[in-house]
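See structure below.
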Amino acid sequence: MCRLGSPGCRTRAGEGPGGAEPSRNSAAPPPPRLPSACPQLPASGCALGRRTGLVSEPLHADSLPRRPQRAPSASALHAAGAEPPILWGLASVFSSRTSRKSASRAGNDSAMADGEGYRNPTEVQMSQLVLPCHTNQRGELSVGQLLKWIDTTACLSAERHAGCPCVTASMDDIYFEHTISVGQVVNIKAKVNRAFNSSMEVGIQVASEDLCSEKQWNVCKALATFVAHREITKVKLKQITPRTEEEKMEHSVAAERRRMRLVYADTIKDLLANCAIQDDLESRDCGHMVPAEKTRVESVELVLPPHANHQGNTFGGQIMAWMENVATIAASRLCRAHPTLKAIEMFHFRGPSQVGDRLVLKAIVNNAFKHSMEVGVCVEAYRQQAETHRRHINSAFMTFVVLDADDQPQLLPWIRPQPGDGERRYREASARKKIRLDRKYIVSCKQTEVPLSVPWDPSNQVYLSYNNVSSLRMLVAKDNWVLSSEINQVRLYTLEDDKFLSFHMEMVVHVDAAQAFLLLSDLRRRPEWDKHYRSVELVQQVDEDDAIYHVTSPALGGHTKPQDFVILASRRKPCDNGDPYVIALRSVTLPTHQETPEYRRGETLCSGFCFWREGDQLTKGPTPA
């Protein structure tokens with residue numbers, strides 16, 4: 001058997017996109033109806049084959065819970081027959097891996113998981129008092145020292161789960177929100193979000209505490225990848241079993257984050273090859289530019305026993321601290337001031353180094369923007385007997401600003417890159433800045449701040465796809481779904497969260513999950529069984545797993561004009577046993593498909609299908625290492 005979530009929605013209550021009136025979108029039509037000839041289900045539903053199915057029972061407003069009268073929310077509009085902002089047949093579709101037999105059971109499980117006695121078995125906490133020896137010239141905690149503490153805490157968490165030594169493979173982007181002064185306490189908490197074959201993702205939270213005022217601040221969050229290592233036998237990590245809502249959400253999107261890490265280098269290459277990166281290198285006044293070569297720094301460090309872990313390998317945190325040091329020197333040579341590190345873009349460890357290695361650290365300012373600069377750092381290792389044979393073991397890009405007395409960023413001088421590699425690094429820095437801004441806008445901002453339709457272009461495709469899938473997976477993982485109705489073993493759940501009204505349907509049917517995945521992931525076939533899809537045009541096949549469609553549907557809700565949608569469809573096969581097949585849908589905007597007078601443009605923020613195979617073991621596909 002296979003459990004399938006069927007059409008639902010996530011809509012922002014009381015507003016349309018960008019604050020537009022809700023009338024921009026149609027009222028919710030019934031979910032798609034499959035041909036009545038399907039034999040496996042009663043009249044209220046229809047099997048797609050042997051093990052999965054799709055609800056065909058029309059969803060009426062009366063089936064949704066009503067709320068007390070107040071300002072027009074999505075559910076109130078629904079109950080009154082008015083049109084909510086984004087509800088229609090193409091909307092959120094999801095289910096939970098464990099069948100929700102009742103809302104009370106789900107609530108009790110959540111209460112047990114979140115109870116006072118529960119603690120994640122992989123969680124490790126570290127608290128450090130910031131002493132003068134830990135600070136920089138401004139009396140603030142050195143970022144390098146903080147990185148060493150972060151790496152140590154995360155490594156201990158990874159080793160607690162693996163039961164064997166672990167090494168740092170990478171550290172994702174880190175954005176520093178707050179500085180830490182001498183005398184304050186740093187509280188670091190790390191836990192394993194998900195384990196793959198031999199690697200695992202560790203989530204880290206860093207906060208600072210003032211012991212006198214008892215105030216606390218969030219400093220940063222980080223995600224690190226660690227690899228378990230045994231010299232004799234191959235490591236096969238046991239899987240993480242998430243219990244709390246937060247753990248379920250992090251676990252559900254960890255595979256998608258891993259996918260994004262693996263394609264990051266290709267994203268930069270594609271952006272440079274296919275997109276015009278705007279820079280004013282030729283128009284700048286060369287008389288007021290600083291040659292990039294003046295910012296170049298090279299330093300060598302000898303790896304001693306205190307710099308290494310219990311395996312004899314250099315601490316990843318120690319290497320990161322040395323990198324931060326040379327990057328700060330390079331940034332200072334450009335601005336002639338004391339810069340502040342604001343962000344680090346992905347430390348990637350290409351190989352280990354051991355006690356006795358010489359590490360050569362090189363840094364240079366790649367590009368200077370109006371208020372920030374990017375410094376590139378690389379690390380090479382060699383043994384004393386083979387200095388000419390250097391191993392590239394790490395690289396990273398760091399973003400610095402210079403703050404005035406009011407903590408406002410100051411204007412920076414322009415950089416003049418060297419011809420050849422210098423100009424390449426200059427343009428790559430511009431590409432990375434664009435990706436950072438896109439990523440921060442798409443991935444980091446809150447759902448309530450995201451417009452229903454986000455402009456699509458090749459530079460932000462990776463993060464749009466990530467946001468598309470992760471939003472649906474995180475919505476699935478929420479614990480506070482309420483069972484609204486159940487008819488013929490078809491369950492309707494609703495969720496009111498912040499400014500959103502969401503719902504999903506759930507049923508178990510007899511169709512092979514892989515076959516259903518192929519059918520549902522190609523929207524061009526949907527008009528065959530869904531009368532609310534009048535036509536579907538494939539606008540662009542972005543890659544193997546992502547495509548953009550233009551969908552038209554008939555006029556509904558008393559409107560005379562038909563409706564159209566521009567939809568990004570992202571599909572994912574299961575990463576491991578227990579993972580669902582995912583088909584995530586969201587609205588995007590394209591310059592080639594602007595809103596026209598012929599149609600009313602509809603939009604959806606978070607929608608799709610999630611379904612699991614029931615009973616039989618899931619056939620494992622390519623699995624992360």
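Cβ atoms here come from the backbone N, Cα and C positions, even for glycine.
A TrEMBL annotation is a machine prediction, not a hand-curated record.
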Legend entry - Range annotated as region 'Disordered' - as stated in TrEMBL, picked from 59-78, 559-578, 579-598: 59-78
Inset, instruction - With DSSP as the reference, give the number of residues of the domain 'HotDog ACOT-type' (120-232) in helix, strand and coil. - result: 23 helix, 53 strand, 37 coil
Inset, instruction - Would you mind splitting the domain 'HotDog ACOT-type' (293-406) into helix, strand and coil residue counts from DSSP? - result: 29 helix, 53 strand, 32 coil
